[in-house]
Amino acid sequence: MSRFFTTGSDSESESSLSGEELVTKPVSGNYGKQPLLLSEDEEDTKRVVRSAKDKRFEELTNLIRTIRNAMKIRDVTKCLEEFELLGKAYGKAKSIVDKEGVPRFYVRILADLEDYLNELWEDKEGKKKMNKNNAKALSTLRQKIRKYNRDFESHITNYKQNPEQSADEDAEKNEEDSEGSSDEDEDDDGVSGTAFLKKKPDSSGESRKFHKKMEDDDEDSEDSEDEEWDTSSTSSDSDSEEEEGKQTVLASKFLKKAPTTEEDKKAAEKKREDKAKKKHDRKSKRMDEEEEDNEGGEWERVRGGVPLVKEKPKMFAKGTEITHAVVIKKLNEILQVRGKKGTDRATQIELLQLLVQIASENNLGVGVIVKIKFNIIASLYDYNPNLATYMKPEMWQMCLDCINELMDTLVAHSNIFVGENILEESENLHNFDQPLRVRGCILTLVERMDEEFTKIMQNTDPHSQEYVEHLKDEAQVCAIIERVQRYLEEKGTTEEICQIYLRRILHTYYKFDYKAHQRQLTPPEGSSKSEQDQAENEGEDSAVLMERLCKYIYAKDRTDRIRTCAILCHIYHHALHSRWYQARDLMLMSHLQDNIQHADPPVQILYNRTMVQLGICAFRQGLTKDAHNALLDIQSSGRAKELLGQGLLLRSLQERNQEQEKVERRRQVPFHLHINLELLECVYLVSAMLLEIPYMAAHESDARRRMISKQFHHQLRVGERQPLLGPPESMREHVVAASKAMKMGDWKTCHSFIINEKMNGKVWDLFPEADKVRTMLVRKIQEESLRTYLFTYSSVYDSISMETLSDMFELDLPTVHSIISKMIINEELMASLDQPTQTVVMHRTEPTAQQNLALQLAEKLGSLVENNERVFDHKQGTYGGYFRDQKDGYRKNEGYMRRGGYRQQQSQTAY
């Protein structure tokens, strides 16, 4: 017996020494008994040795199979290890690849692996769940595959452009190789490498093609079983066994019987023709089926195992008498599994709805129905266990409908009393002779509904149509709150009424009442009778409503939080409707600014929003100083967006962990409540400009002048640093350019920078009364430019006519007279008014520019001398021997003892 049957061929022994191929698993049994299985004719057959191409390609395909298995289980570490081995194996097969070309299956795995890694990289949630090794391997492998694929860029591009064609070519090549290997000596290469790679299903109709491929494989296997042992099917059978990952005995793998007679050759040729014909028939049949499927429409993905007809769950056994006790018992059974792990919340809601239907069909009374509906609404709220997750649209609509149905029932049956203080043991659900008592709190349901609505608005893209659709639901929310308010006014306690009033206030305070505003602009005499009747039918104005609700809370509330929120909302509403003095007085009388730092964050956000609205209201009234003071704290911090609850800053995100960030995001106000930050900053900067520019001109020579607004000075310094100044584009650049013009007393240029088309679109048109605001701004710019002009050029004039000033700044003469008189009274301008000639006579008491410089130099020299003397005393051992209150101590030769600064007392001689 030849040693070949036990040791294998020479080429195989060499490849096994290299350690690069997979080690074959020995089959149970002794190799020595293997020849007994062979016939006498097969002992003389020609031994066929596998080529180097087959061995190299088999090694590549085995590694590819391992990589794909690792991809399925998301084992990136294994993918990295096998990819490195794959690169080494490809390098050893380089000589074969240079002759044959890059195999398609190799290009496919490179493209698929790169796409797979990109998907993992983009999946942020999946990356967080990865362990440390997989995350590190993902980063490393992604870099390696991107670098490695540069050499195969053209091949990968061709494959991605037509992946189906490449897959068909592989299949055809596989068939040709498997058929060619059955001949006697026609092809020495034997099996093609593509035979070891599974065909990748197409993106469309995956399941259909997969089943058809399995049917083809079954038919091929049946054909091979019908063939005799002495035909060329040995090679194809071994190929199929290798594709299935089964290692066979080397002796049986490489044995092959060669046809010896012409009859055998003809029989083999005939069988090959029959096999090719069968394959052609199957292929044509498959194409016909695909055409029929395509005519029927696209394939639809369905969930396996889900029945098409979903049966309703059975609540009670057949023949069970439906009574109050049975229904309550079933309700308790459903509620017992509530919140447990593995509970289907949607099914629980369906069971409760079915229970309501059963109770109504059996006329069990409204008491049972009300109790079940309370639990349905509570189950809807508990559908999402995560606090940050908001309700789905269908669940939200179901919740609104359930609350409306519950309110209809409670309003229609006045004998039903609900409350949290009612114990379950003392409930009365079926005794209609007495008032029905049900445990539950309608106020809690409405508050939770309001919170869910806020959560929906927080998690919806504010610039999408979906946000607008959700915002339309606020009308239903407000209607439900109003119904509950009327219900609680009749049957609720004082605390409950205060809470529902606050909910009504929170949905009213930020809305501008345009109808009431129009009625204020139009006098009653000018409106027709129909318009007056329509105004009466519309109900009370928002101002009257806010006054009534807030006053009740002021008088009845016992908690500081509800009263504080009501006061802030009332102030906000006053400021929004330009009632400055009412808003200011209410803020000052409440003393909220003294202890607001002790309030919880949502109340602090409401306080900040109220102060901002108060400042904007003062600006609209022309009170620039009050506006600046109200906005100073918010704008000077540089965190206006965060303080107003309109977003989180990137720099602050690094200071808090993930849980704190989630809590902060839940505190954000919805987008429709936002205050325009650009408008806010513009109001602040313009107010600062109107205050700061005249002050800078009046104290130009004062080295110790204070800054009114640091942010405004910062913007001025930024503008001065620009090497090339073009026309202003942003809002800040417009304000800086206007400030420079106001410094020169050029009010027209300042006006053109503040009020133009660009600034109107960004800021001024956003005000309810935009024309009034623009008129006020022009007036303020003229007045402050006049003050700046007098401060800057007072040293130039001996006297100046007020008529000239009136013409220069287009102000009427009484206004100019009033401004100059105030400046003289406040000792800002050293001048006097000559009434007969209507002129301003300058007194020249202020130093000139040269004198100011000399005074500054003298002051600096004096401070330098004092510092030098103090240093000298310190070196001589004097400790604090010179004090600021001891003026001219050295100049008058008053002695100082060198003992800690104790002044020597001169002895007085008595005469």
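Using N, Cα and C of the backbone, Cβ positions are placed for all residues, glycine too.
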Phosphoserine per Swiss-Prot (candidates: SER181, SER204, SER238): SER181
Where Swiss-Prot places phosphoserine when the choices are SER39, SER154, SER709: SER39
Per-residue Cβ crowding (10 Å cut-off), top of modified residues LYS99, LYS641: LYS641
Distance [Cα-Cα, Å, rounded] between LYS99 (N6-acetyllysine) and LYS641 (N6-acetyllysine): 66
Neighbourhood of THR522 (phosphothreonine) by C-beta distance under 8 A, where only residues 6 or more apart in the same chain count: none
DSSP-derived class (H/G/I helix, E/B strand, else coil) of LYS641 (N6-acetyllysine): helix
